[in-house]
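Annotated in Swiss-Prot:
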ACT_SITE  H344  active site, proton acceptor
BINDING   K25, Q74, 79-80, 104-106, G140, E154, N168, N225, R314, K332, Y347, N358  UDP-N-acetyl-alpha-D-glucosamine binding site
BINDING   D106, N225  Mg(2+) binding site
BINDING   A361, N367, Y368, A404, R421  acetyl-CoA binding site
REGION    1-227  region 'Pyrophosphorylase'
REGION    228-248  region 'Linker'
REGION    249-430  region 'N-acetyltransferase'
Amino acid sequence: MISKTHTFVILASGHGRRMNSDLPKVLHKIGSFSMLQHVIYNAKQLNPENIAVVVDQPLIERLKCFKDIQLITQELTLGTGDAVKTAMRNLRELPDSSIVVVQYGDTPLIKSSTITKMISYLEGKALVCLGFRTSNKEYGRLIIENGSLREIVEAKSDKNNHEEFLANAGIMVACAKNLRELVEKIECNSSTHEYYLTDIVSIAVKSNLNVGYVITGGEEATGINNRNDLIKAEFYFQENKRKIFTDSGVTLVAPETVFFSLDTQIARDSVIYPYVFFGTGVKIESGAKILPFSHLENCLIKSNAEVGPFTRIRGNTTIGNKAKIGNFVEVKTSEVGQNTRIKHLSYIGNAKVGQESNIGAGTIVCNYDGKNKHETNIGSNCFVGANSSLIAPLNIHDESVIAAGSVIVEDVPEKSLAIAREKQVTKRIK
């Protein structure tokens, strides 16, 4: 009987020299999130008992901000076998029957559904591995005999040099008892002085244990070793996201020009126009329209709102139902009420704008005094004339009007007209 509890062991040590970067490989981003965040995010979809990440010392400080994971330090980077051995020694209290999923931090596109399939296939087996078909002959290979996995070898060690083969995706699933016993039997490779996790397949077979395998698509199994691999993975990620959204009822007018983050949420009947970028933390409710060349991050766009073109929204901003945020408008750390219009050339920062208000073209909320940021509150049914500067901290109460061209430095009472500009002087030219 397969255990219902499982633990993820994610291998993330090693810098990744082929990336040619000061940043550790697993922290390079796809869809605005690091590779490691992708792996952790997908693991959490399965509600595991524990997520353990094996890292080397240089990486551990960078990962302390990660929540709900256990960091295990691999003192010396002696290969994947040593990494899993180190993890299992740190997880000694894990029940023998608990399922352990071993995954690489640089293989970020593996779906939780694929892991579920591997877990379900574990019944009656000591170990289940993941393979995929590819024309790239550099991958390690799964050697299959009579329907059973016999060993995993490097491409150069494939004696038969098969034209068609299953490549090794690197993901393994086993019960804790078997994994503990098998990794302890891995011997150090005499030429590289490392311990290879893939050796446990042949070790299991020699112990008369059954080893199974599951096949997935090559795009999902993409491993990342260099910048070109990163480009491919980003492409596959975006293509998959576009399909997910269109299948769920979102209209993408030109899908190939729209870019998403891992956590982007868009409800059905929304329309996304060309050249829109979604950063982290964006949620779009049903019926909203995002017009071309808009850049959104950390914001909520409510039902039937319209944003863009050429709009930037960020900083935990909420745009209310049926509100319109127009061209060349930036809204940051603000709340915009239902049916409010901010249509042209404006900056709204650290502000709350009520319902049914109109913010005229060229309005600037001056929220920063050089040291600190201050709040501005604009009530409902207000009209702010064009080219107005609102100097925070400031309160403009309901149903008030700000005359065009004003510089407002004092609070404006309810149902009031505020004018703050020089009187026009007109003289005849001689």
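Even glycines carry a Cβ here, placed using N, Cα and C.
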Cβ-Cβ under 8 Å with the region 'Linker' (228-248): same-chain residues at least 6 beyond its ends: 19, 28, 30-31, 35, 108-109, 219-220, 222, 255-256, 258-260, 262, 264, 266, 268, 272
Spatial neighbour of Y104 (UDP-N-acetyl-alpha-D-glucosamine binding site) that is closest, considering only the recorded positions H344, A361, Y368, A404, R421 and their CA atoms: Y368
Set of same-chain residues at least 6 away whose C-beta sits under 8 angstroms from R421 (acetyl-CoA binding site): A403, G405, S406, V407
Cα-Cα distance linking N358 (UDP-N-acetyl-alpha-D-glucosamine binding site) and the residue listed as 'active site, proton acceptor', given in Å to the nearest integer: 11
Pairwise Cα distance for N367 (acetyl-CoA binding site)/N358 (UDP-N-acetyl-alpha-D-glucosamine binding site) [Å, integer]: 19
Residue pair K332 (UDP-N-acetyl-alpha-D-glucosamine binding site), A361 (acetyl-CoA binding site) - Cα distance, angstrom, rounded: 17
Site of maximum Cβ density within 10 Å, from binding-site residues Y104, Y368: Y104
Integer Å distance between the CA atoms belonging to N358 (UDP-N-acetyl-alpha-D-glucosamine binding site) and A404 (acetyl-CoA binding site): 12
Those binding-site residues listed as N225, N358, N367, and which of them has the most Cβ atoms within 10 Å of its own Cβ: N367
Cα separation, A361 (acetyl-CoA binding site) to G79 (UDP-N-acetyl-alpha-D-glucosamine binding site) (Å, whole number): 61
